Amino acid sequence: MSTPEEQQQQQQLPDFDKTFVNDGDIAAFARAVAAPSEMDDSADHFITAMNDWRPIHQRIRRRRGRRGRRGKDETREGYAYLLLKWPLLVFVTAWIVVLSGMYVMTRFYIAQYEYWITWRGERERLRKKLRAAKSYEEWREAAQMLDRYLGSEGWKEEDQFAYYDHATVRRIVQDLKRVRDRAEKGAGEERKNAADELRGLVEMCVKNNFAGIESARMYSQTYFGTKHLVQTFVDEVECALKFLCDTDALSMEKKRALFKYLSSNYGKTALCLSGGASFSYYHFGVVKAHLDANLLPNIITGTSGGALVAALVCTRTDEELKRLLVPELSEKITACHDDTWTWIKRWWRTGARFDSIDWARRCCWFTRGSMTFKEAYERTGRILNISCVPSDPHTPSLLLNYLTAPDCCIFSAVLASAAVPGILNPVVLMTKTKAGTIAPYSFGNKWKDGSLRTDIPIRSLNLHFNVNFSIVSQVNPHVNIFFFSSRGAVGRPVTHRRGKGWRGGFLGSALEQYLKLDLAKWLKVLRHLELLPRPMSQDWSSVFLQKFDGTITIWPRTVLSDFWYILTDPTRERLQRMLETGQRCTFSKLKFVENRLKIERMVEYGRHITRSRAAEIEEVFSSDDLQNLLARHKASANGQKPSTKMQPKRSASEPTSPNRITSWFPWSKSPRGSMDATAEHPAAVAVSKELDGEGLRIRRSAVREREVVDDEDGEWSSGSASASEDEGDLEQELAHGGVEGGGRVIKEGEPVEKFEARGETVLFA
């Protein structure tokens, strides 16, 4: 029973009394799950009996064990394979068990070595203070004290280090300061030349991991911070980008081209939340630490249990999350409420411990009902990604987001990503129709846990959103023990021999590396020789052989009791401990994330405020509208009267992402900033004036509809939404002779037929 104080705190949670359950949607989901996986063939069949005494439709009792067997085309022929398959499987499996035991003993030796040799005296006292910190400010103070005691402050002051190009970084910092001072103090032509030179310097140095400054080694030598030269570089680049945003020495066209180029080169940051059953609740603490420091990335992906956390984060605003990420949230986590006898009977009857329909009802609170990926993006500006795999072992996995599946219901994606064989049966993804009802998605195919193949979908994130910097919160218990940084990790340096030693000594680290690599080798032997059986129609080798880490990997410190409660709902006390542990393990990574997002957010802010009014117009009106307006402007100069037919696009609710961008910087006065609007392209200015004459109001569309085109920059866009790399670039494309959506501006005398034959809209400029 909850105390009156706890009940009062629960009532303060946003939407605590709501369920967001739509009975019609749950009923449609239940029908889709119960439907057969294969479509019935409507063709006529000729049915005969084997003899006069045997019935035609004889009842056959199928054995469950046959479901996992390989198909006829997968079976390898040959006497050697048939004779040696099982002996090899037994031998390799036994050797893997031996290696695993040796690895556990090695890790135990390293832990004892560090406890008895490394962490002694004052060093141990400072580490205990570090681990007892309740807030980021307390942790930072304790980390700086530990760095001073270990002598790491001297390492920060020295520019030289073998893992980055300090000479190039120093030269770039000097040039940026010199040119920016000249641009700020100059006037006239000298100021324009300095601004153009600064633009060239920024184009050269704003790149992912430029000169090695974003290497994990740069943040693995101290508990807090990095080289002073690297910190100066980050701050100076931020100042240079801010100056380029505000200056009027560059035309609007050059600014927009610059920030689009920088965005493509620098890339994006994503927060990746792994699976791990009830271990996934540590992710709440990781998210809370980023949120409190205003360092939560806009791109978030989750798998299995991490998908539930990601769905909660991406469907709530920052203000709602700050009130939700508290221990009282445990009252809403009730998926494992069944008693032992109930789930045993269900498992015996259906082959799964939990019921999909019951989970769908309880998941709706986290996803705000049947909210879709597109609706979540429009509400919060965050991009939710959920990974799931089909029940067929040969079909590739799928990353669901507002680009690949904009109308897919998030609750069905969360259930599909959590459908571990034996725990939850594969489910059907659901999509929201125009009528507001939901229906099966992707031909009614069934999907299951994404952790089985792609726990951390780095490649897909890079493909869709240009993500090249990943923050991975990894809590999978079966791989936790195999992650070991012999030379230190971000915010956790090797403390003996002034950071130049090895954890556990060289022999301990060498043995750990050898055993871990040997284990991976034998697992690959089992996979490539196709020796492993496939229980539950699943290749289980991917559970160990896939990539589980990222640029930054956060490992919350688990306890042994977590294994006992791996399929149990957390109590208030357990969730409070998980929140604090997740936060504490994230504090050491925040400085690295802060430096990364300083530049990334300035680039995105520059892209946002340099989008001209013509770009906003293009997001609301079709290319035919722009063609008519430009033709009207041209005809007015020649005394002609063109057609006045208008076809406005379907509008959508405005996303909050522009507001999120401007809220990152307290000095930003307006979404438009201090831009010089007179630098726009003449054709775009004409369109803007024409719309003013028509009395039309501009409204930005959240997700733009476009066809498959190849723009002038060689970027492809397809489907009902785009990767938003070139949103609002009408002015630049007009200047280069192209318009988004397939439009093209041609001059008089050019043949129109060759462009119209390719399906392009022709605009006469």
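Note that the numbers count up from 1, one per residue, in the order the chain is shown.
Just so you know, glycine gets a Cβ as well, placed from its N, Cα and C.
Under the heading transmembrane segment, TrEMBL lists 79-105. Proximity of distant same-chain residues to the transmembrane segment (79-105), defined by a Cβ-Cβ separation under 8 Å and at least 6 residues beyond the stretch ends, is recorded for 481-482, 512, 515-516, 518-519, 522-523, 525-526, 529, 531-532.
Nonlocal intrachain contacts for the motif 'GXSXG' (302-306), taken as residues 6+ away from its ends with a CB within less than 8 angstroms of a stretch CB, comprise 272-281, 283, 384-387, 417-418, 420, 449-451, 454-457, 473, 475. Feature annotation from TrEMBL assigns motif 'GXSXG' to 302-306.
According to TrEMBL, the feature active site, nucleophile maps to Ser304. Around Ser304 (active site, nucleophile), a 10 Å sphere centred on its CB holds 30 further CB atoms from the protein chains shown. Ser304 (active site, nucleophile) falls within neither a helix nor a strand when secondary structure is assigned with DSSP, and so counts as coil.
The active site, proton acceptor annotation in TrEMBL covers Asp449.
Summarising the annotation, TrEMBL assigns region 'Disordered' to 634-677 (among others).
Per TrEMBL, the feature compositional bias 'Polar residues' maps to 637-646 (among others).
Per TrEMBL, the feature compositional bias 'Polar residues' maps to 653-662 (among others).
Summarising the annotation, TrEMBL assigns region 'Disordered' to 704-748 (among others).
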